[in-house]
Structure formats: structure tokens, C-alpha cells
Amino acid sequence: MSYVLELSHIRKSFGNELVLNDLSLSVQEHTATVLIGASGSGKSTLLRCINLLESIDDGQIFLDGVEISDPLINVDEVRRKLGMVFQSFNLFPHKTVLENITLAPIKVQLKSKEEAVDAAMTLLKRFDLADKADQYPDRLSGGQQQRVAIIRSLAINPRLLLLDEITSALDPVLVNEVLSIVRDLKSDGMTMVLATHEMGFATQVADEVCFLESGNILERGTAQEVLHNPKNLKTQDFLKRVHQAGRL
Amino acid sequence: MSERINSAWSPSSREKERAQARKRISRKQAVVAAVSSIIVIGSLLTIVVTSPGWAVVKKTFFDINYGREVFPTVISGLWINLQLTFIGGACIGVIALGLALMRTTKSPALTPFRFLATAYVDIFRGAPLILIILLVGFGVPALRLHGISSNVIFLGTVAVVLTYSAYVAEVIRSGILSIHPSQRAAARSLGLTSGQTMRYVVLPQAIRRVVPPLLNDFVSLLKDTGLVSILGVTDAVRAAQINASRTFNYTPYVVAAILFLLITIPMTRYTDRAIRQRTNAQNAEGAI
Ligand SMILES: Nc1ncnc2c1ncn2[C@@H]1O[C@H](COP(=O)(O)OP(=O)(O)OP(=O)(O)O)[C@@H](O)[C@H]1O
Ligand SMILES: [Mg+2]
């Protein structure tokens, strides 16, 4: 069995704080892996390590069998194969929606402007944002911004999409329009790793759910197993708290 | 969702009363401001005009006929200041951008340049401009290097450019550092190299942010070009000086000052407005 992404024995600390401790994870093609866990459990850190935005202290990361944690690897080339959408939208405020989306295709993939614009417009149309192409990001609602951010990372045709709590800055109405994009991508067969607090959504898209706690994956399995029949006491405790907060 | 503004709305009687009251208050404030201005400015003028030396001062500083006579030489001197400002300004922009990029780069190959750029900025920001002008203006010709012009206008410009590049580099650098790291992370995660990230994402935003302080520096630059007169460049200040020392009448200085003000005051007004607009726009943008 070959995996798109393999993490083996990852260790990452910030100063004295050990954030990831001997963490291993494999992601198969066309699957969605959902990371859940309390705030500060290291979900964002894990995604940033995969994208090589953070260096790891130990362990190995493989993308399509190639070790990308090798210090000699060209990080820019690796990142071209990974799309990442951040917790806060991170659109470029000085560029229009269309320019945000076409920047990387034109400058990184060296596509012609027409080709990049065509591809971008197709994506924008598909996700109902075509009329916003020439707007600047600060004129868009939070949900629209986040959808643009997703489209921007799709425009480089990533092998793997990393989504970091893409709905946490949105109100519940906007959450749905963003999540429906992710559902669409899932049915397209996009391989994804996503961190989320939306347990209902996790249930819908996850092929595997991983519960992060003290730097490691404490429990993993299908959404049914982890979210509805957790075996680990800490998972149960976490889910109980989520449930009380009304997010299940 | 927000309601549409109701076009059939007409103000309530209470609101009309409040509007009346607001009008009364602002009228009263205008009267107070006018009266206080008249009193303050009037007494200042009275003090000056009734001072024992006023008659002499009036003749030596505010001789209108003499002012008219020297006006053409002072204004042709001012043309030198303006040329210096614009040509120097262009050079400063390029050099400062280079220095700022060198200081913010993390590339190990550029480590020596980073070090040199830092030393350069420290030196030229720390030394008084007038000293740099004297050192360059009199020091460089003394070296008798081949191919280096000893034209004082050229050397004066070089001295001003050297110093202002250091100031402006720091302004640009502060703009670069003010761009949130998440912008860089987003660009890098799309596969842009660090150079592309700087060029297409960080720098455009940084420059936009520092335009108002740069306009401030531009006004200072125009004023400071007056300092090259110490090298004997016949700019507006020097032209005034020549005339003044010939006749022992200081009106030419006043003419030069007024000419500078005629340019710098509109520029500072414009800068203030640009700063205000910038602040408003940034507030609309929120945290970015
Ligand atoms: N750049 C950094 N420097 C120092 N500490 C950091 C840094 N980034 C993250 N941390 C720490 O690492 C821990 C994990 O943070 P991380 O952002 O990965 O959590 P998270 O699971 O994504 O939380 P949340 O659900 O709130 O987004 C936190 O305790 C945080 O303080
Ligand atoms: Mg996080």
C-alpha cells in the first residue's frame, strides 16, 4: 500500500514546550484525515510541519514516498505539491480575488496569464464567486474570503490539501458554505488533512479521525469509532466538553 | 442583516431640537476661537511692531523693494534645490530599497551584505548631515581621484543621498517588518520562493504602508538641500547669503524662507492628508 503522506515519529518542540511527541500518521490517496483535539494540542503545528513551514526536531515526513524532511530538499518544490488553507484567511489584501488565485500559477507554475485566469474563473464559477473576481479581499465576507483562500490553494493543483480550522473564524451560517466546498472536494477525490472543531462535519467527511492530545495521536479510527464510541477516557472527556459547548 | 435606509424618514421634533442645540454650540465655539485668535495674534503683532528695534528690523528684513530686486537670483537658486531634491530623491529611493532588502534578507550568502548594510545605516543615520556634506565636499576632492568629479553640486548631492538613503532604508525596513508573518506563510505555502514572496506579496504592501512617512522625508530632503550651500553651491540659501552680505540687508533670507515655505507647506498638507487616509483605510482593513 502506498501512501500520499507518511509521518513517522515526528517530534517538535518550541523552547521547553514539547508540542509533537513521537507522532506517526499515514494518509492514503483520496481520503480525508481529520485532526481533532483541544486548543493548543498541536493540530496547527502538525500541519505547518507537513508544509515545511516549521522544521521538525526528529522523525521523517514522506510525500509520495519521497522524504521531504531531508534538509537538502527544495522546499519550494515540495510546497507546490501541497495546498494549505489557514485558520485566518491570509489572503493578500493588495491583490484582487483573481490576482490572489492566479499569483502562484503564473509565478510558480509559469502558466500563461490567460490560462491561469481561465482556470481561476472556472473555479470561481464552480464555487459561486465569479462576480467577486475583481474585488479586493477586505470587501468580502469572512465565508467568501475563506472560500477564495481554498480556491487559491486549489489553483496549484495540489497533491494534498491541508486545511487548518478553516471555519473557526466564521459564524455558523458562513461555516456551511465553506464546508460544502470541502465536501465537494472530498467527492472529487482530493486527498486532505484537516484540523477542525466541527464534529458534525468531521463525521461527514472523515475517513479517519485522529484525536491529538499531549503531542500524540491518542485515538484514531473511523468517525463512527472515535467520535461516537471513543474508547480512550481522554477522548471521551474531550468530546463531552465539545458536546457541552454545543458543537457536536 | 442591515435594514435599508428608509427614505420616508423625517427627523422627530426632539432630533430637530438637538440639531438646533448643536448649531448653537458650534456657533459659540467659532466666536470664541475667533476672539481668542484676534487677541493672541494681535498682541504678538503689537509687541513686535511697537518694539524699539522694529523700524530697523523692518528695513533690514522686510524691505519689499530690495526683496523684489533679489527675487530672480534667489528663485534660480531654488531651482538648484529642486533639481537636487528630485534627482537625489530618485537615487535615494533605489539605494534605500537595496539597503532595506539587504537588511531583511535571511539568505546566508548575503550575510556580509547584511552586515555592511547595517553598518552603513548606523553610520549615516548617526552622523549630522552637515558633517557628511563637509567631509564629502572637501574630503573627496582632496583625494584627487581620477574620474571623480569635484563639482560641488555633484558632491553635495552625493552627501545628501548617502545620508538620506540610510533614513529611508530604515523607513522601508520598518514597513517590511510590519507585514504580518502569516502573509509570508501564505505565499510560501503556495510555492513562491522567498524572493518572489518579497517582490509580489511583502514589498507592495510594505511600500504602501510607508508612503506617508516617506513623503515627510521628502519634505525634509528639500529643506536639507539648503545645507549644500556651505560648499559654495549657489542654491537659494547661498544666493540669498551673497546678496545679504553685499548690502547688509537680510531681506533675501526672508525671500528664500518664503519660497521654501511656498513649496513645503502644500507638501506637508498633502502628506498629512495621505497619512489620515492611510490610517482610515488600514482601520477598514482590520488586523492586516
Ligand atoms: N511559533 C511558536 N512559538 C512558540 N510556541 C508555539 C508556536 N506555535 C505554536 N506554539 C505552541 O504550540 C502549542 C500548539 O499550538 P497549535 O497552534 O499547534 O495548537 P492547535 O491545536 O492548532 O490549537 P487551536 O485549536 O487553538 O488552533 C501551543 O501551546 C502553542 O502555544
Ligand atoms: Mg490551530
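Quick reminder: no glycine exception, Cβ is built from N, Cα and C everywhere.
As recorded in TrEMBL:
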type	residues	note
COMPBIAS	B:1-12	compositional bias 'Polar residues'
DOMAIN	B:78-271	domain 'ABC transmembrane type-1'
REGION	B:1-20	region 'Disordered'
TRANSMEM	B:30-57	transmembrane segment
TRANSMEM	B:77-102	transmembrane segment
TRANSMEM	B:123-142	transmembrane segment
TRANSMEM	B:148-169	transmembrane segment
TRANSMEM	B:250-268	transmembrane segment
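Of the recorded ranges B:30-57, B:123-142, B:148-169, B:250-268, the transmembrane segment (B:77-102) has the largest number of C-beta contacts under 8 angstroms with B:148-169. Counting same-chain residues at least six beyond the ends of the transmembrane segment (B:30-57), none has a Cβ under 8 angstroms from any Cβ of the stretch. For the transmembrane segment (B:250-268), the residues of the chain that approach it from at least six positions outside its boundaries are 60-64, 66-67, 70-71, 74-75, 77-78, 81-82, 215-216, 218-219, 222-223, 226, 236-237, 239-241, 243-244, judged by C-beta separation under 8 angstroms. Proximity of distant same-chain residues to the transmembrane segment (B:123-142), defined by a Cβ-Cβ separation under 8 Å and at least 6 residues beyond the stretch ends, is recorded for 148, 150, 152, 155-156, 158-160, 162-163, 165-167, 170, 224, 227-228, 230-231. Distant neighbours of the transmembrane segment (B:148-169): 80, 84, 87-88, 91-93, 95-97, 99-100, 103, 117, 120-121, 123-125, 127, 129, 132-133, 135-137, 140-141, 214, 217, 221, 224-225, 227-228, 231-233; these residues of the same chain sit at least 6 beyond its ends, with a Cβ under 8 Å from one of its Cβ atoms.
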